[in-house]
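Colleague: Structure below; questions to follow.
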Ligand SMILES: [K+]
Ligand SMILES: [K+]
């Protein structure tokens, strides 16, 4: 491990990060709120960054996956720790502040605030901004902006946006990162404009846009999107949630006049699951609502859960148990690769299903070889093996975390859904952590386990988990 | 597909099967109960067998995995269908009778009888016998006894006892099958003798022995083993359950003076999980019982669930939610390869854990190759890939089945646990299908889905699932 390089880059990230606090500072100034809530973390981040940077002059620029993992994994931890200072400043306890900030950057949206309306506006904006930044990736942002970081762009992005493979729009990673962020910015401006046109206040429009496109789901209202009680607003948010769960490369190509949407297998499967689940849930909910209402609430909730946004327009905890199981299933499927959505990802579920079918036939006819294709190309066996390994590990962690959370005294359904909602970066669960509840009442240990699940879920397991294996650190670079 | 050969062998199995009914016939004669309950299926089985056998003279003896799968998969279906006739004769509806018989042969032990004490003794014995036969495998038995079948012994055993690899005790499959059944017989005689010595009636001793060693769990008492309320009986059953969940090759080697027990990694891991879970559950239950009681009930339940027997000495549905989640986890781990236990199997969980750890390191250092060893030998990557594929498919089927069962109106925890208890061949679940309940009240569709889960669980997915893929049948042999 090239430790000096890791510390050096962590220093750089920390320095860049301090500039981010300018945004909430401006809002605090405008709203006449306490500036020190953001000046303190800004100074700490800058000081920490300079200390790291100066203390570690790397002897070599040598960096591989390992170093990328360490930089991104630990970079996220620093980001979250420093980012929780504004909450602590306003009197929130350390574990709760850490939970809320982790929930922000990982775009989970699980909250420990029972009533968000009581919070200062600049703090609410900071809360939404963490999701907007975390959605596309904070390291991606720094790679896009700062030339110094972009030298190691590929290594870092691989650790922050693991997916299956980063589809490069441009040969240089930095150009790709820039174009993805530009796409993100355009969608952001569009959604704010639409919401404003529909009568949503500017403050609410900005906040909800930040947390829609990032599939984060934090709201400035305790009732979430139900607060607006406006089908047009819901429909707008629905569309942008679905875009948030779409591969941003596809959106970029569309904006530059090269629509590849309809030929992309993952996008088609994504839309197929959304529509099918929407119809099934609508049918299930006919006992609770009339047809139009059922369509309205069911399709919104399917999109909100599957894209892992986690907004609510209805208390799905009051729906039937089969509806709840469907919701849990959708949480695990999640969004597309290269989107801001969490979960296992549509393409993995797609390939896993094909591969399973393949395995059944192979077991009956060991000598027959059936290739699996994706977008017309044969998928390498290595990729398929990686997907099953990823899925298995995901399930093992989910089961083990559920057991740990239940040990703190939480009931089974709440434990199962709390872990589902955090490892998949969704936000609200069922029961004690349901749509109308918060995570405030949970045992501190449960909060730590759940925050850990958000972290590994967002960075797709390996980046974070490898940090906990001693031999990862032990070996020399 | 060599269809004629498949039909021919199904005919043979059906003919041999008819002889099995001699045993319940004798008991019906002794107890002065209705003989026709067993004469009818005996005649049907014989007639069906002769018809199949005569109608299909195979042009070739050519048989591969495919044919083995078809013979075993469909052979089990015929066995269960004919085996449900005695229940139907006594007035049980078709779906319930099918459910109970599938639950028997697959050693699941889920029952649709609210009070088993009301049943004729010969029917109870038949019910226990189905588990004893299904535990070691009915095709294994026929291969051991009938020379005609043993020609295809290897192909058939591979389909009925898939596991990782059949460890051959003798070069000839038939000799291996014979020795495994002999071991089974010796344990059977031993357990009956022990239980009799402890004051259990001969009828109860035979029935409970049949369902202990097969890790089946059907009892002649509605209260299950709690009925005896005798620590010595519980301890005896505990020991034989643990033996039932052990690889019978190891037991055979022990009986022939070659103890390999302690050097076998799977056995060590199996005992390790049993003891660790027993201690954890004991600690969890200290709120419900005093220390000795807690040890007694917790260790019995851990062994009963992990070996997938499903006996109960306490209503674990009344325990805490973390205890319930632990119980669900143990269901999935299951017994050892080559045992009568169900579930994913200890060795798969062991290798899956090692492989996952390996994958984490590999993702951070793609060029490092770390080999996984088992009993001193390097495990082939192919085997590890098969295990993750098996695990993934297992999870997908579990999730999808849970959703289907919940659609019939069953609540979430009951649905989750009902599928866990059937795909893993355990028996009792939680909630509506808990330890003190039966499966009687479930919707017929739920019963069909659950019976299907027992079937695929017992034959380890592939044998049964391949039957449902059209191309499996389409291609010529
Ligand atoms: K979310
Ligand atoms: K059982």
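Even glycines carry a Cβ here, placed using N, Cα and C.
It should be emphasised that the depicted structure is a prediction, and the values quoted were computed from it without experimental measurement.
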Colleague: If TrEMBL is the reference, give me the range from A:180-203, A:204-227 marked as transmembrane segment.
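Modeller: Among A:180-203, A:204-227, the range TrEMBL annotates as transmembrane segment is A:180-203.
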Colleague: Could you tell me which of the ranges A:235-255, A:298-318 is annotated in TrEMBL as transmembrane segment?
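Modeller: So the range that TrEMBL calls transmembrane segment is A:235-255.
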Colleague: Looking at the transmembrane segment (A:455-473) and the transmembrane segment (A:68-88), are there 3+ C-beta pairs under 8 A, with each pair at least 6 apart in sequence?
Modeller: yes
Colleague: Six or more residues out from either end of the transmembrane segment (A:267-289), which same-chain residues have a Cβ under 8 Å from its Cβ atoms?
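Modeller: Answer is 242, 245-247, 250, 261, 295, 297-299, 301-303, 306, 318-320, 322-323, 326, 330, 333, 335-336, 346-347, 349-350.
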Colleague: Among the recorded stretches A:129-149, A:235-255, A:383-405, which has the greatest number of Cβ pairs closer than 8 Å to the transmembrane segment (A:326-351)?
Modeller: A:235-255
Colleague: Is it the case that the transmembrane segment (A:235-255) and the transmembrane segment (A:180-203) have 3 or more CB pairs under 8 Å, with pairs at least 6 apart in sequence?
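Modeller: Counting Cβ pairs under 8 Å, at least 3, so yes.
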